[in-house]
Amino acid sequence: MATARHHAMPLRDCNVLIRTLARQGSFARVMAVYYDLRARGLVADSFTYPFVLKAIGVMKLSAEGRKAHAAAVKTGFRWDAYTASSLVEMYAALGRADFARKVFDEMPQRFLVLWNMMIRCYIRCGRFTAAVALAEEMERSGATPDRVTLVTAVTACSRAGDLSLGRRIHAYMYAVFGFSLPVANALLDMYTKNGCLEEAETMFEQMTERNIISWTILVSGYGLAGQLDKARALFYQCTEKDLILWTAMINACVQHGSFEEALSLFRDMQLQRVEPDRFTVVTLLTCCANIGALDQGEWIHQYAEGRKMKIDAVLGTALIEMYSKCGHVDKALNVFGRMQGRDAAAWTAIICSLATHGQASRALELFEEMQINKVKPDGITFIGVLSACCHGGLVDEGRRHFQAMKEVYRIEPRIEHYSCFVNLLGRAGVLDEAERLINGMPVNKDTMPLFGALLTSCKAHGNVEMTERLTKRIAEQDSPNPGVNVLISNVYATASRWEEAIRVRSKMTHPTVKKTAGWSSIEVRGY
């Protein structure tokens, strides 16, 4: 009803309506009122522009943004501090830090709010080094920072990995400003994210006031650095734990490979009546996938559905990987079919899952479907695709996808891609092509899987001559490789060349040569 009556409103009433609609999030209606007042010959002012420019930024109306900017210049309101900062904020939302900086540079007087907005603009656009440089320029200009400035500048230092300014802010706080909790937490986050844990500990001890965010930052920092003992000690030292802190500790355990402890913490969290959210659920599913805890994973899946959590790309991918690693590809497919907003990671997860479980045709069908849906594959996707071709013995398909990866998607093949392709060619008996593929590669610990794959194929096809050529190249290594020696001796044995087989086997009796036994684990019925 309000917008139906705005056609006869004076500018003051239009501004009130625009402000009300903007605060309600009705940005399309904000623009409708703005277009109408302009059509009636009314001139927008400093009470109009901030809300209109915000609407333009939210709605990503780049062309309208340039028009509004031109109108502000024409009417003289670009010199107004609020209009100028709103222009900077709009260009930040549009991802145009260059235009925002032009507004900033043209201002005859740079108010504090404008400095803060421009630094935030650089951060939002991912230009962290430029944000730090601007904060240092502000420092040299003699402008007095407020808490917003300090938090913003420290965030820029953290993202850019440039701690010089951050340390000066720390010293400034300690000597002049006093320990504001938001700034102190920002400094703590900066130190932990850049691996300066000793400085983070000092910062934590200096803080006269701490909140749950302070504890969570430090626990996460220790977890990220692999110092699980310190993370654990700090976690239990905190008396009031919230969901974010519990999740941080569980995540630290998962990152460190302590999966059983992560699940134990989850059970403790439930006893404390702390409800997990989707981030906790994703972390726990990763944990279940790594230890094959199918029963626990299914319970978490049911929990997520019971809480009506949206099976989006992140949660859906975690479920697919959990079911796949627990051997239930049919359930992974079911999750994929119900997912909303599938991204490249989700498509990759299901393709790799099907390839791992030998369903080559279905994996390749989904890859074709992924391309039809215009989702761009990455290097991991092609590992799944080449794996599927290998399991299905599809040599021509494998060649085509290997070439497409390089020529169409411009993805440089890694060792994993070459290994899949060499395996495919080797199993099909196309040994000469496989050998040509790896001829230009050095023999080292990274490329050894390729030589091992080809030697395995040589054994299967009884190709002693190629085995000997490969053996000469491998012999250039200083360190012995028991796995390769086993393969070489087996090739000789297959060809009934027993003396050579015994000679190679005798090398493995040396005390420094050990073959590590393999093992696997999966939970069955909770055990």
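Including glycine, each Cβ sits where the backbone N, Cα and C put it.
Automated prediction, rather than curation, is the source of TrEMBL annotations.
Sequence annotations record features per position, and here TrEMBL assigns repeat 'PPR' to 80-110 (among others). Across all of the repeat 'PPR' (80-110), the predicted model scores a mean pLDDT of 91.
For the repeat 'PPR' (111-145), the DSSP-based tally of helix, strand and coil residues reads 27 helix, 0 strand, 8 coil. Annotation comment: TrEMBL describes 111-145 (among others) as repeat 'PPR'.
Listed as Cβ neighbours of the repeat 'PPR' (180-214) (distance under 8 Å, sequence separation of 6 or more from its ends, same chain) are residues 147, 150-151, 154-155, 157-158, 161, 163, 166, 169-170, 173-174, 220-222, 224-225, 227, 238, 240-242, 244-245. Per TrEMBL, the feature repeat 'PPR' maps to 180-214 (among others).
Annotated repeat 'PPR' per TrEMBL: 242-276 (among others), in sequence order. A Cβ distance under 8 Å defines the sequence-distant neighbours of the repeat 'PPR' (242-276), meaning residues of its chain 6+ beyond its ends; these are 212-213, 215-216, 219-220, 222-224, 226, 228, 231-232, 235, 283-284, 286-288, 290-291, 293, 296, 303, 307.
The repeat 'PPR' annotation in TrEMBL covers 312-342 (among others).
As a summary of secondary structure, the repeat 'PPR' (343-377) carries 26 helix, 0 strand, 9 coil according to DSSP. Residues or ranges marked as repeat 'PPR' in TrEMBL: 343-377 (among others).
Sorting each residue of the repeat 'PPR' (312-342) by its DSSP state yields 23 helix, 0 strand, 8 coil. Long-range Cβ contacts of the repeat 'PPR' (80-110) within its own chain (Cβ-Cβ under 8 Å, at least 6 residues beyond either end) map to 46, 49-50, 53-54, 56-58, 60, 62, 65, 68-69, 72, 117-118, 120-122, 124-125, 127, 130, 141, 143. Only residues 6 or more beyond the boundaries of the repeat 'PPR' (343-377), in the same chain, are considered here, and those with a CB under 8 A from a CB of the stretch are 313, 316-317, 320-321, 323-324, 327, 329, 332-333, 336, 383-385, 387-389, 391-392, 394, 397, 401, 409.
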